[in-house]
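As recorded in Swiss-Prot, the features of this protein are as follows:
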type	residues	note
BINDING	Gly164, Arg165, Ser166, Ser189, Val230	NADP(+) binding site
Amino acid sequence: MAKIIDGKAIAAKIRGEITAEVAKLASKGVTPGLAVVLVGEDPASKVYVSMKEKACKDVGIFSDEYKLPVDTSEADLLLLIHKLNSDPKIHGILIQLPLPKQIDTEKVLEAISPEKDADGFHPYNVGRLVIGKPLFQPCTPYGVMVMLKEAGVELAGKEVVVVGRSNIVGKPVAFMCLQQNATVTLCHSKTRDLAAKVGMADVVIAAVGQPEMIKGAWIKEGAVVIDVGVNRVGEKKLVGDVEFDAAAERASAITPVPGGVGPMTITMLLYNTLEAAKRR
């Protein structure tokens, strides 16, 4: 039976370290500040924003929330970002996605100052990530890499298979693994014989957003499985992208859903905000 990689425990440890660092900065008169911008009334987005606010409060980071109506124009949102870019109290800016259809998401993300890009989505930061000199790393992939390190998983020389090619998780985590000298295969909806690709992996990172799409029988004996997916099945049940019980029979280590990668995402957002404040 696989060892469970406990995201809650790892996140709690890192948040403890962040709290100490924030206190150290505060003693020098600097309080890290995060601006969170929510446009509209999307229920999931509202939950995420309140979780981020609470997390900031818990570690001593100042958070400023901007709730804008769903019919906010792109020009008005860009004006707010411009204001936040020049606000010395704000070290990190987070735009809660998705944005309403009248707003060009790429244009908005590009308007954020790269030095305040706490989510790590600005093209400048993506480019730096690709060449191995990141300023900020996207929070979920960063969380995955920290979990692998904390679990004692050495990536150099290993076969890593990433399933899912999103700009938010799949692509950045593939580049991060490459920087750790892994041999990386990036799979997606057009990949032929996905089962065979997954079956050769020493480490599987699933980030496709399809409930239990990765079958336990595909997992190589002794592989490490990181499940980024969070999918609601029915009213209450949450499952990942991997068939957990069957995969846990074959893997050496696996992340659960919930309680795996999820807690790490907000933790790395806090870390990025702290780092931004340190650089000022």
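Along the chain as shown, the residues are counted starting at 1.
Here the Cβ of each residue, glycine as well, is placed from N, Cα and C on the backbone.
Feature map: Swiss-Prot annotations on the structure.
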residue: Gly164; record: NADP(+) binding site; CB count, 10 Å: 24
residue: Arg165; record: NADP(+) binding site; CB count, 10 Å: 17
residue: Ser166; record: NADP(+) binding site; CB count, 10 Å: 15
residue: Ser189; record: NADP(+) binding site; CB count, 10 Å: 10
residue: Val230; record: NADP(+) binding site; CB count, 10 Å: 16
